[in-house]
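To start, the structure under review is shown below, and the notes come after it.
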């Protein structure tokens, strides 16, 4: 009897277990797919919403090169992403000693080599905070999309500032080249020097041959003294090529290189087709060929071009052809998304576009050349409160130049140099004007940036800026975060709507304000805005080339592990 009772109890327990298991597995079978489907649909919904609100924005650049505003929608194609490119992500960046001690205090608090995950989050958070604080500082967004665009521009700017390098602290000590090898490709001549051979026919009716003398500096201007040349605004490519060939850390073995320099003169390549009726295939051909040539190199394939640098001596928009037939598509090619591009004007939503100073007429060789010039312009008596060298843009109703010219010529404290009659082709005319003025008006011209900004700065003339895209959102490595140290900002919109008189605003600046700005420009900024010649030997100063390559090496060290 005992045995039968135990057996009956055991069977009851077994039946209960089977029943519970059956219920459990039926729950899994019928409920989990529904839950999975619910969360998947929720994820898709959130992703779609985020994509609309964050990844797409619409910005327009006005230029006389285009009949209509030149507009870009970020997020619409691979070249216009707000989210960082494959090789650089805000959340994925490691902070620490990459932050310049000279500039961004907001990034300085992140400890070096400690809690790397926390550092990534901290850097990302700090950049997000800065973007939120500053996105409407200069331009008041008129739509949500424009607000996102401005935030993105600020984020990329501060990420670029995080690559600032103070250089060797003791410039008198021998430079260490450990981990700083620079390799210069020996490209077939069709990609560089051959483009200069037809210098009398690059632009129809214009002979550029004199500008290619002296390694791209142009002919010497003897009446201005030592180190002054008639340098063309688009001469950056041969100037930097000549200089990098004599870089103190140049290596001749690819395996020893940290940075690879590609001397393709893309600016001259695209310039020769600007005013000729040729097909888009012709405009794009040489750029595609240089990428095919590079793709045959293991050094290019190893890091997908992330450690490669191109110098393009024109504005970024000349290499981003979209609907308008102007220019090439070189910077829109997928292979060009990873390399670093040095340009005189960058695309503010491309983190690997780096803007560096326009070439000026001054190319010192020694510290003494710089010091002598600093002393001269600091002691210069300036008879004009303000000046403007330029021409009107009557075919562009959005340009403020006509209003500025009108305000200038109606004041006895403003001097206007009309560039439409070729007065500005003589460098001495422009430099004399700037050295004789306290403030120099710098409105946008064919594009947002102006070579004249740098001509005025090296002349000790305080630039007056009307849009942040002229300087503040451009030259992260060469101009400081605080624009008030070296410039005056007046809203372009205020001028356009004639709510302000620029001359009257500048009259209100105190003697101390002007003295402090001029001193900062001449003593602190000037050496880093000029390109020394290929034999330059600087011990006290770093010129624009030195700053650029110090920062490039830091960027690449952070991007390529």
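Placed from the backbone N, Cα and C atoms, the Cβ positions cover glycine too.
Per Swiss-Prot, the feature topological domain 'Cytoplasmic' maps to 1-31; the stated evidence is a curator's inference.
Per Swiss-Prot, the feature transmembrane segment maps to 32-52; the stated evidence is sequence analysis.
According to Swiss-Prot, the topological domain 'Lumenal' annotation covers 53-561, on the basis of a curator's inference.
Here Swiss-Prot flags 87 (among others) as N-linked glycosylation site, drawing on sequence analysis.
Among the features that Swiss-Prot reports, N-linked glycosylation site is placed at 253 (among others). Of all the Cβ atoms in the protein chains shown, 8 others lie within 10 Å of the Cβ of residue 253 (N-linked glycosylation site). Classification of residue 253 (N-linked glycosylation site) by DSSP places it in coil, neither helical nor stranded.
Here Swiss-Prot flags 277 (among others) as N-linked glycosylation site. Cβ neighbours within 10 Å of residue 277 (N-linked glycosylation site), excluding its own Cβ and spanning all shown chains: 6.
Annotation comment: Swiss-Prot describes 418 (among others) as N-linked glycosylation site, evidence class sequence analysis. In this structure, residue 418 (N-linked glycosylation site) is part of a beta strand by DSSP. The C-beta environment of residue 418 (N-linked glycosylation site), restricted to residues of the same chain at least 6 apart in sequence and closer than 8 Å, consists of 391.
Summarising the annotation, Swiss-Prot assigns N-linked glycosylation site to 421 (among others) and lists sequence analysis as the type of evidence. Around the Cβ of residue 421 (N-linked glycosylation site), the number of neighbouring Cβ atoms within 10 Å comes to 9.
Sequence annotations record features per position, and here Swiss-Prot assigns N-linked glycosylation site to 557 (among others). In sequence order, 179, 258 are the residues of the chain that are 6 or more apart from residue 557 (N-linked glycosylation site) and have a CB within less than 8 Å of its CB.
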Secondary structure at residue 277 (N-linked glycosylation site), reduced by DSSP to three states: coil
